[in-house]
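I have placed the structure first, in the form of structure tokens, so that the comments after it can refer back to it.
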Amino acid sequence: MRDCSSPFGAARTLWLLLLVSLSVCISVCRATSSREEDSAMENIVTEKKAEESHRQDSADLLIFIMLLTLTILTIWLFKHRRFRFLHETGLAMIYGLIVGVILRYGIHVPRDISNVTMSCHVNASPATLLVNVSGKFYEYTLKGEISANEVNDVQDNEMLRKVTFDPEVFFNILLPPIIFHAGYSLKRRHFFRNMGSILAYAFLGTVISCFIIGLLMYGCVMLMKQMGQLGGDFFFTDCLFFGAIVSATDPVTVLAIFNELQVDVDLYALLFGESVLNDAVAVVLSSSIVAYQPQGDNSHTFEVMAMLKSFGIFLGVFSGSFALGVATGVVTALISFFTKLRDFQLLETALFFLMSWSTFLLAEACGFTGVVAVLFCGITQAHYTFNNLSPESQDRTKQLFELLNFLAENFIFSYMGLTLFTFQNHVFNPMFIIGAFIAVFLGRAANIYPLSFLLNLGRRNKIRSNFQHMMMFAGLRGAMTFALSIRDTATYARQMMFSTTLLVVFFTVWICGGGTTQMLSCQRIRVGVDSDQDNSMSIAEGSERRSTKQESAWLFRIWYNFDHNYLKPILTHSGPPLTATLPPCCGPLARFLTSPQAYENECQLKDDDSDLILTDGDINLTYGDITVSTDASGAHTSSGPAFAGAATSDDLDRELAYGDHELVMRGTRLVLPMDDSEPPFPDPRHGLRM
């Protein structure tokens, strides 16, 4: 027997150990290689899915771009042929409908449910689901419920979901430029002339319309429940919510035709002002209704304290949003006032754009309403910051927001048509739809006619009956109504409201918007009104502007005096120097806050005004309370004290008459007799030089 301790035995033992170690290494390497191959295959599959998803998203966006392109080309054809029976918003909806039909019924993706688990027992439908598969955790996000007969169409449903945007896209991206443009392009002269009536229609009228529609729809819902046609819960608060969202009017079609036909400026101002403000009121009103929470188990009973709390929330949210929007506009004005950003026009425009857009997001992040904040931010920017911008930035900001407004509105209306066929959870109930149309009509009538009667009791310039009929007819529903209804479609009631809202928008845009020209002719409302007549310096128009002053001054004369003497000199390069309006004890502070341009222009006005050369027509140079008038013959006249401590009636008159056509040159307001529809910038080819 050989000794294992011999050299030969030790060598054999060493070889055995080496063989065992090698076999173990080979096994480990094979297992590792297998796992690496599986991981590599998973990475390849994931990359392919990500690439396919990216291509699908690009194709979906391309569909909307092509829709907008086709809409623009068709708009050009309609304008070239002078067709007015269909506005671009109606065209965008038609093209969206066509594409929706094609996506829904014309394109079919092969079914693939081989890797779908048909049963998973959970107690609720979680928004996020973590699944443990062979030791690996996977996260799944809830996309929505589908019916049992659609299980085999999983791929088709996925394709339709791709073209259904997140509702937050509308609120955070598409709505801000639309609302801001409405405030930024507001014509102050006609707005203040009818401000009392506009506020009555926008605030009181929207609340009346909301409750009329809510009560009528609640009766309709009770009738549906008695007849067994209701497939889910539908409470009174849901009816009020529906009344709030469909009370937001959007007469973009009517106003475009009004502007093209030059309809009476007061009628235009009433419709435009109401639509601008009632959007904001409808948003806050709907959020207040959602916040209605009575104490106890039954959250849908009437309780006085809960109603008062909702009313307090309405006032708090609206006032907070208003203050936030104005504050952001004032901050932007101060930045542009105390810095030299106007020397770098691109940076100036970029800052203006970002500050304006951030107002909406800041309000939403603080729990307020971005629509109200960005609306009053636009009004504040137009009143103060616009005067501090360089001429290039003034042109650029107006054109930029006008372009964004046009694209966003047409995108939303195209998406409305598309959503009619691509949305997965439509609930169309004929009785609810008929009741909604009747309630919307009666709610609009309860808004316009009673309030017009009450307003005419105190108005010198009465709202005539044909104006009232036109306002009743022009109560279209549009982008805001759609955005509010699509924001929450989780319950049966909200799904029914969304589907019905789509039909209401389609009907009002196509029928009411398309019949605007015929309605104007039927009501004998004058068209082709040259608004230059309102700017002429004739005796007749002077009396009209005095009437305007008497009608509107009682609402804002105190505000105007404070703004003219203190806010404008602090926030802009125009207005009288603070050294003339503040008490003598505030001299150092006044000298610090007064713009150097104000002193420069004060010296220019005191020294000589003969270097204002005119070649065509009359022109007025207005600075503070000084008015230097020059006619075609070259004669100069001046009136008013050098710098009065308080604004006079003539200042208010000029502010109303020419507030929309101020050209700020080094702190001096150059007033040109322009038409409201023209941009407030003179043609550089004219023979005007300073």
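Placement of Cβ uses the backbone N, Cα and C atoms for every residue, glycine included.
No curator has checked TrEMBL annotations; they are predicted automatically.
TrEMBL lists 71-521 with the feature domain 'Cation/H+ exchanger transmembrane'. Residues annotated as signal peptide in TrEMBL: 1-31. Summarising the annotation, TrEMBL assigns transmembrane segment to 61-78, 90-107, 169-186, 198-224, 313-338, 350-379, 400-421, 427-446, 492-516.
Residues of the same chain lying 6 or more positions beyond the ends of the transmembrane segment (198-224) and with a Cβ under 8 Å from any Cβ of it are 191, 230, 234, 236, 239-244, 246-248, 269-270, 273-274, 276-278, 281-282, 285, 429, 431-432, 435-436, 438-440, 442-444, 446-448, 450-451, 454-455. Highest Cβ contact count with the transmembrane segment (350-379) among the listed stretches 90-107, 169-186, 492-516 falls to 169-186 (criterion: pairs under 8 Å). Ranked by Cβ pairs under 8 Å to the transmembrane segment (90-107), the stretches 313-338, 400-421, 427-446 are led by 400-421.
At the 8 Å Cβ cutoff, the transmembrane segment (169-186) and the transmembrane segment (427-446) share fewer than 3 close pairs (sequence separation 6 or more) and do not count as touching. Take the transmembrane segment (61-78) and the stretches 313-338, 400-421, 427-446, 492-516: counting Cβ pairs under 8 Å, 400-421 has the most.
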